[in-house]
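Taken from TrEMBL as is:
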DOMAIN    A:118-374  domain 'ABC transmembrane type-1'
TRANSMEM  A:15-34  transmembrane segment
TRANSMEM  A:54-73  transmembrane segment
TRANSMEM  A:121-141  transmembrane segment
TRANSMEM  A:153-174  transmembrane segment
TRANSMEM  A:180-203  transmembrane segment
TRANSMEM  A:215-236  transmembrane segment
TRANSMEM  A:248-267  transmembrane segment
TRANSMEM  A:310-331  transmembrane segment
TRANSMEM  A:351-374  transmembrane segment
Amino acid sequence: MDELSWGQILARMAWQFWPVWIALAATFALSITFRRRLGLYGKLFDSPIGMVGFGIVMFWVFTALFADMIITFDPLAQLSGLKNKLPGTPVPGQEGAYYLLGGDSLARDVFSRMVMGARRVLAIAPAATTFAFMVGITLGLPAGYFGGKLDTAISFLANLVLAFPVILLFYLLVTPEIRVTGIPVILAAVLFIFPVIFFTVLWNSRYFTDPKRRNLYVGITLVLGLWAYSGLAFNADPLGVWSMDPNLLNVFVSVVFVNAPTVFRIVRGIVMDLKARDYVAAGQTRGEGPWYIMLWEILPNARGPLIVDFCLRIGYTTILLGTLGFFGLGVSPESPDWGSTIDDGRRLLAIYPHPAIVPALALMSLVLGLNLLADGLREESLRD
Amino acid sequence: MQDLDTQIWDNSKPILEIENLSISFFTRLREIPAVMDFSCTVMPGEAMGLVGESGCGKSTVALGVMRDLGKNGRIVGGTIRFKGRDLTTMSEEELRHIRGSEIAMIYQEPMASLNPAMKIGAQLAEVPMIHRDMGKAEAWALARQIVADVRLPDPDRILQAYPHQLSGGQQQRIVIAMALMSKPALLILDEPTTALDVTVEAGIVDLVKDLGEKYGTSMLFISHNLGLVLDVCDRLCVMYSGEAVETGNVEEVFNEMRHPYTQALFRSIPLPGADKTTRPLVPIPGNFPLPHERPPGCNFGPRCDYFKKGLCDAQEIPMLAVPDGDRHATRCLRFQEIDWDAPLKAPKTVEKTPVGDVVLRMEDLRKYYNVSSGAFGGGSTKVVKANETLSFEAREGETLAIVGESGCGKSTFAKVLMGLETATSGKIFLYNQDIQDTPIEKRSTDTVSSVQMVFQNPFDTLNPSMTVGRQIIRALEIFQEGADDAARKARMLELLDLVKLPRAFADRMPRQLSGGQKQRVGIARAFAGGAKIVVADEPVSALDVSVQAAVTDLLMEIQRKNRTTLLFISHDLSIVRYLSDRVMVMYLGHVVELGTTDQVFSPPYHPYTEALLSAVPIADTRVKKKRIVLEGDIPSAMNPPPGCPFQTRCRWKAQVPGNLCDTVVPPLKTLESGHQIKCHLSDEILRGMEPVITIAAE
Amino acid sequence: MLFFVLRRLAVMLATALCLTFIVFFMTNLPPNLEKLAKSEASARMSDAEVESWLEKNGFGQPVLQRYGEWLGVLPGWTVTEEGRTRGRCFARGQTDAPRFCGVLQGEWGYSSVFRTEVSEVIGRSLGATAWLMLWVMIVMVPTALLLGVLSGMREGSRTDRVLSTAAIASTATPEYVSGVVLIAAFGSATAGLSPILADWGWIEGRTLFLGTATSAMDQITFWNFALPVITIALYGIGYIARMTRASMTEVMTQQYIRTARLKGVGFRQVVMRHALRNALIAPFTVIMLQFPWLLNGVVIVETLFNYKGFGWTLVQAASNNDIELLLACSVVAVLVVLVTQLISDIGYVFLNPRIRLA
């Protein structure tokens with residue numbers, strides 16, 4: 001068999017992505033049809049930039065979802081004779097099979113690894129960002145609302161974390177040695193409790209006038225929350241549903257830890273601005289508790305900038321995860337995740353660039369998509 | 001270009017001639033016409049007033065003249081002739097020579113219109129340096145002279161200052177000075193005093209009038225305040241929903257209006273003589289049409305008492321000249337059929353509410369704040385005396401107005417009463433229970449729900465991300481009203497009925513409501529727990545005049561129904577005279593005068609009340625006012641003068657022997673029937689005071 | 001003003017103490033010490049032997065005390081063994097020593113990787129990094145500000161659209177991506193531009209730019225230094241340009257800009273005289289706060305291009321468990337961050353006339 005030309009490679013890749021194209025077409029058709037009824041999400045489709053960004057992000061989301069259908073080879077399988085082969089190299093012994101984007105230094109299929117890498121990145125980055133937001137919001141609201149000593153104390157801690165160069169923090173936090181000391185578990189225990197606190201306070205402040213409903217909501221939150229908490233933080237879920245690989249936990253916790261202070265600062269700033277509004281005063285004069293005012297009067301009105309920052313921050317987290325992979329920190333060497341693939345590939349960069357270039361472009365396009373999406377959302381939320 | 005500057009314009013020809021001007025804004029969805037078929041003429045030395053409610057297009061006209069409509073705005077028809085040259089076809093370069101040298105503009109927000117990072121002198125001197133190639137030294141000298149002309153003390157210091165170092169009044173004088181730097185032929189003033197206090201406003205208005213005469217400048221004066229227009233302008237043009245509806249000589253339009261909207265506007269503002277029981281205000285029914293939902297034919301048609309189907313909605317209505325008028329025209333087809341002098345159709349009068357027992361009593365209330373000066377928390381701490389020895393009582397069903405300008409302590413007082421702050425000393429009795437030391441979280445639900453508040457800013461008073469119904473239901477929940485969700489929902493709908501909003505509004509978001517409607521929801525929310533005492537903090541000052549009447553009316557009606565005690569905080573004396581039973585005047589934390597409405601509005605006055613009364617513009621040609629313009633600005637509450645708080649601006653100070661005013665805070669002396677005045681003036685002098693406002697006999 | 005600076009300095013000192021302690025604690029965790037013992041003495045030590053080695057070499061004390069010794073506020077440890085006194089402050093083979101020998105006395109310790117004084121390693125690598133940073137700043141700041149101002153002064157124009165999309169794209173490209181792409185495009189003998197140029201005979205060597213910057217340690221040339229500098233600058237350019245644009249568009253909608261325009265000031269003058277100073281206040285802070293980011297970029301780029309500067313040293317120290325060196329690197333990094341924060345605070349006050357200090 002001959003090697004494929006670039007046109008053929010692109011055509012074959014496009015064909016491999018067929019489930020993604022269908023899903024994308026369906027999403028766009030539905031969204032554009034009903035965009036007037038979909039609020040801010042619908043308005044996104046009035047902005048070309050936002051639409052492009054959304055399209056790129058969804059492309060990767062669907063790729064992650066349908067990765068099993070898209071890949072052409074097992075991402076971990078090493079086929080002999082295909083080490084560092086160029087894109088479009090036929091696989092000997094298999095008719096019509098090609099390493100579409102070539103083989104890496106261990107003779108694995110670059111294309112399949114890139115597709116599988118999307119799944120890994122898109123599983124960790126949004127989840128870690130969500131946790132960082134929970135921590136940032138739960139601490140930022142009272143700091144901005146009450147001010148004073150509480151604010152000074154939390155802000156000092158946040159600045160402490162922010163003054164650390166991220167890489168140094170990673171080198172200190174994400175090492176095999178540190179897992180022995182149990183510091184990641186302690187951090188996880190602290191950071192993962194915030195969502196439970198957040199939702200408990202959220203329901204309680206709203207429904208304390210109606211104890212029956214309050215008990216129901218708070219009860220559900222506590223049961224579900226503490227169940228997941230025991231599994232994720234301590235790996236002690238009695239039912240064994242929730243668990244996290246200690247390697248992953250270490251990475252996850254560090255990323256949340258690095259992101260939370262920035263979210264805290266943003267939330268604090270917005271709260272300081274919004275708390276001077278009359279509707280906040282109206283809440284105070286009818287005797288609402290401070291947490292109701294923070295969570296139900298202020299927070300919903302801060303959603304615009306927070307959603308925008310959420311998108312940006314997923315992108316940033318993706319970059320951070322890549323950085324970790326690039327320095328070979330905390331992930332298993334076999335992992336197809338983009339950062340470590342770039343790290344693997346860069347050793348022979350000057351001679352065989354393709355194993356590093358492919359995940360690099362993939363990562364860049366995902367972050368670009370998230371940034372464009374955030375930009376579109378920002379522009380549209382500022383309008384009228 | 002240069003010849004235009006030097007050319008002496010023939011004074012019989014108009015400076016500005018706008019003909020059939022139409023301006024539209026283009027959004028993604030549609031074209032929104034902001035101004036349609038607008039014509040007006042300004043002669044040399046003439047002051048033209050543009051009056052109308054917000055959204056009527058008056059500011060757009062001004063920006064159209066400046067050709068500064070932004071990216072989305074465009075002039076879609078008509079001409080604007082300035083000294084005979086059409087501005088609509090001029091190039092950017094030509095416009096640049098006219099802007100600032102021939103036409104200058106003054107805006108509403110003085111602080112925002114000055115560059116925060118440039119010295120005042122540099123901003124002023126820039127104008128002649130651009131337009132007349134003047135040298136720097138010469139330009140600064142000119143700036144110094146003009147700064148003195150706008151009556152600012154110590155011009156040299158001011159030239160070297162940055163904008164944030166000046167007070168609001170001083171900033172506005174600088175903006176005026178900047179406009180006058182090149183002696184323009186036309187001055188456009190867009191609500192130049194709206195952001196200022198009344199007594200400061202009076203000084204600015206005086207200045208504008210004097211300078212207009214001195215420099216012979218024509219003026220286009222934009223305002224929503226009819227009284228101000230009467231003070232300043234020779235002619236006016238009333239606008240409604242993008243169109244001019246009536247134009248003419250100020251006196252003539254005020255006395256012999258020929259458009260139903262103008263008439264309705266005058267009937268809805270509280271002029272002297274209006275009274276909440278015998279001559280209530282007449283609100284204009286309905287709402288201002290949105291720009292893309294204007295009715296066919298006459299825009300005012302759906303709200304007009306004289307509307308005739310088949311005539312008024314059948315055609316575009318042109319401006320028609322009023323016979324025997326002084327360039328008087330109206331956009332009404334029926335102006336000759338209408339009996340303009342007919343008295344109001346049986347004004348609905350109501351019984352005066354009897355006043356009940358004392359429900360709220362304050363004794364010697366003081367509230368001091370410790371503030372640290374300096375932006376970073378360093379430096380010494382200062383004590384701000386926000387409230388000093390406040391004593392009064394309020395009875396059931398009574399309206400007590402609290403009047404004062406910024407920094408007088410009225411908002412602090414409200415906070416202390418609500419329990420958001422605790423008093424430094426003194427007592428507050430609510431139904432004989434003292435609550436001055438009980439912060440709101442320690443008050444019983446009953447106490448909290450019986451003292452409620454209506455806020456000033458309609459755009460801020462409702463949570464933008466919660467439905468109207470939800471917000472009212474939340475108040476019911478927290479006040480423990482209603483047994484279950486269904487009961488509370490029913491009660492919420494009743495409350496919407498109470499404030500005369502359709503029940504369908506329960507599911508709307510606040511952004512879908514107009515300012516007046518939001519304010520109604522705010523009122524419904526305040527009364528959700530059956531409030532006994534309602535503090536209304538400038539509840540209508542941010543609303544348009546025609547809506548003000550309706551909201552005020554509503555408050556009065558609910559008050560009568562529930563026998564609520566209303567504490568009405570306001571700086572607007574016209575509305576205070578209209579609705580209050582008693583008035584308390586505050587200045588820098590002190591109560592300077594307290595009495596019934598009649599007592600306060602007639603002599604003897606406290607010198608501050610006297611100045612305040614004189615400063616309020618009144619849109620009535622019959623009213624003759626004594627002109628008392630206060631010097632300077634209100635002192636900062638951080639740094640109050642020793643002795644009498646008002647002594648720095650008082651025109652009666654010389655009548656008090658010795659330096660009593662400088663050193664001793666005057667005692668609150670009681671005149672006949674409970675009228676209290678905090679002043680050192682002797683009783684004879686007080687008795688000898690003349691009324692500020694007199695209504696000429698017709 | 002003085003009071004403000006003093007207060008800031010006090011906060012900064014407290015932060016520095018907290019951070020160095022955290023780093024000290026994290027680098028001196030038991031597993032790290034065990035690793036150290038095994039690499040210094042023998043790889044096949046039993047747990048008990050490790051314990052006693054640590055005890056003998058002063059690692060047995062409580063962590064706070066060791067931190068104090070490292071800092072130089074507590075006297076260094078001493079052990080007397082067979083009549084000979086050894087201790088923290090004893091130079092090899094010496095018999096007497098000062099009581100204190102910590103960072104405050106200028107004693108940074110001994111690097112176990114480079115087998116030399118830590119201060120020497122740090123000094124050399126900082127020098128190399130300083131050159132890198134200098135060129136990054138020279139390229140990055142003017143470019144970013146220019147791009148930001150150009151796109152912000154007419155919001156929504158075509159220039160704006162193009163420039164802001166470019167800025168977004170550059171912030172979306174982390175250094176390890178742009179570095180890889182740049183090397184592949186310009187520094188690879190088999191891919192990108194170089195083979196084509198070499199075919200045409202336009203370049204003498206095999207590649208246009210060098211894919212490594214090792215030679216720049218001796219002599220900086222355009223060909224060995226351009227790629228690393230551009231790689232770091234690219235990420236920062238996008239970020240600063242976006243901040244500048246946001247600030248500029250906000251200023252351009254302010255009332256005082258309209259005032260200036262309607263005074264008859266020309267567009268160029270409006271931008272230069274009225275908008276620029278107000279618009280640059282916010283980006284100034286951003287540029288200053290960029291330093292921690294730049295440090296990130298420096299570490300990645302120095303690793304990628306094999307340029308033996310501060311970032312490269314940090315990676316070597318961290319991956320080889322060189323505790324003293326890693327501590328020194330951390331102190332330097334943290335100090336750089338804190339000092340830039342201080343400068344940004346004070347600079348903000350000077351730039352913004354609205355803030356006046358009591």
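Each residue, glycine too, has its Cβ placed from N, Cα and C.
Packing against the transmembrane segment (A:121-141) from elsewhere in the chain are residues 60-61, 64, 154, 158, 191-192, 194-195, 197-198, 201, 248, 251-252, 255-256, 259-268, 271, 294-295, 298-299, 306, 310, 313-314, 317-318, 321, 337-338, 363, 366: each is 6 or more residues past its ends and has a CB under 8 Å from a CB in it. Against the transmembrane segment (A:215-236), the recorded stretches A:15-34, A:153-174, A:180-203, A:248-267, A:351-374 differ in Cβ pairs under 8 Å, and the greatest number is found for A:180-203. Most Cβ pairs under 8 A with the transmembrane segment (A:153-174) among the ranges A:54-73, A:180-203, A:310-331, A:351-374 are made by A:310-331. Against the transmembrane segment (A:351-374), stretch A:310-331 has more CB pairs under 8 A than any other of A:15-34, A:54-73, A:180-203, A:248-267, A:310-331. The transmembrane segment (A:54-73) shares more Cβ pairs under 8 Å with A:15-34 than with any other stretch in the list A:15-34, A:180-203, A:248-267, A:310-331.
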